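Below is one structure, written out as C-alpha cells, with a few remarks after it.
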Amino acid sequence: MASTDGAAEPAVAGSEAPDRPTDEAILQQQNQIRAEQAKVSEYVGQEENLGALKAEYENGNQNFVQKISKLEESYRTFRRTRGDGNCFFRGFIYAYLEGLLQSSDLVEGNRFLSVVQSWKAKLVEGGFQELVFEDAMDLLLEQVKEVTKASDQFSQEKLLVNMRDDMVSNMIVMFLRLVTSCEVQRREDFFFPFILGMYDEPPATVELFCQRHVEPMGEESDHLHIVAVTEALQIPVRVVYLDSSGLPTGGGGGGGGLEASCHDFVPDSCPPGTAPRVHLLYRPGHYDILYPRSG
C-alpha cells in the first residue's frame with residue numbers, strides 16, 4: 001500500500017536509475033561468493049541421503065521435490081562438490097576413482113592408466129608444454145595406482161583426504177581441463193558447430209574458445225566439456241538433470257509425479273549398452289555426485 005504520510009516528491013530533473021553493474025563487478029561478486037563458500041564447504045563433501053537435498057526445496061519449488069522423490073527410487077545417496085566452477089571435473093574424477101577403489105577393477109584401472117599416459121604425447125603435440133602438466137598428470141596416475149592396489153592400504157578416507165587437498169585436487173582438475181581442451185582442438189571439425197551454437201558472438205576459433213572457456217580454473221562446464229572429456233578418457237557418464245521444468249502433480253511422494261531427465265555420455269569406443277561408470281546430478285550451474293541403488 002502506498003504511504004499516506006505525504007505526497008511523493010517530484011522527480012529531480014536529470015535523475016537516472018542506478019547504472020547496471022559492469023561485467024567486471026559481476027565477476028568480482030561471483031568470485032567473492034565462491035571465496036565465501038570455500039570457507040564453509042569442502043571440495044568434496046560427505047555422502048548424504050537424498051532426503052537432505054529434498055529438504056532444501058520443501059518450502060520452495062515443488063517440481064524439485066517431486067523429481068527428487070522419484071530419483072530416490074534409483075539412487076540411494078549423493079555427495080556434494082564445492083560450487084567453484086570446477087564441480088563437474090572434480091565430481092567426475094572423484095566418482096571414477098571411488099568406483100575403481102570399491103570395485104578393485106584392475107583391468108579398468110590399467111586401461112585408464114594407459115589412456116592417461118597416452119595423453120602426454122598428445123598434449124605436447126597439441127602445443128602444451130610438458131612442464132605445465134607433467135606433475136599434475138603424475139598426481140592423477142599416482143591416485144589411480146593407489147586405488148587399484150590389491151590391498152586395503154588405500155582407504156576411501158584417504159581418497160577423500162587427497163581430493164580435499166588444495167594442491168592434489170586442483171592440479172588433477174587442471175590436468176583434466178588441459179586434456180579436454182586438447183581433445184576439443186584435435187577434433188575441431190566436430191566441436192566447432194557446438195561452439196557456434198553456444199554463443200550469440202562465439203569465439204573466432206576453437207583455440208580461443210578453449211583458452212577462454214575450458215582451460216581456466218573456475219570456468220563452468222557445459223555439454224561440450226562432458227562430451228570431450230568422456231571421449232578423451234573413454235569413461236561413460238550419466239548426468240541426471242534436476243530443474244524446475246514441468247507441471248507438478250498431486251503430492252510430493254514417490255511412485256508418480258515428475259521425473260528428472262538424464263543423458264548418457266558414452267564414448268564411441270565403448271560397445272552399445274555400456275553402463276555408466278560415473279553418475280552426476282546437475283542442478284542449474286552445479287554438479288554433484290550420485291550413487292545408484294545396487295541391483
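The backbone N, Cα and C atoms fix where each Cβ goes, and this holds for glycine too.
As given in TrEMBL:
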REGION    1-23  region 'Disordered'
DOMAIN    76-293  domain 'OTU'
ACT_SITE  C87  active site, nucleophile
SITE      Y241  site 'Interacts with free ubiquitin'
SITE      D243  site 'Interacts with free ubiquitin'
SITE      Y282  site 'Interacts with free ubiquitin'
SITE      Y287  site 'Interacts with free ubiquitin'
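Per Cα geometry, Y241 is the residue among the recorded positions C87, Y241, D243 nearest to Y282 (site 'Interacts with free ubiquitin'). Every protein chain considered, the tally of other Cβ atoms within 10 Å of the Cβ of Y282 (site 'Interacts with free ubiquitin') stands at 23. Cβ packing within 10 Å was compared across the recorded sites Y241, Y287, and the lowest neighbour count falls to Y241.
Taking Cα separation as the measure, the residue listed as 'active site, nucleophile' is nearest to Y287 of the recorded sites Y241, D243, Y287. The two recorded residues Y241 (site 'Interacts with free ubiquitin') and Y287 (site 'Interacts with free ubiquitin') have their Cα atoms spaced 9 Å from each other.
If you take the Cα of Y287 (site 'Interacts with free ubiquitin') and the Cα of D243 (site 'Interacts with free ubiquitin'), they are about 12 angstrom apart, rounded to a whole number.
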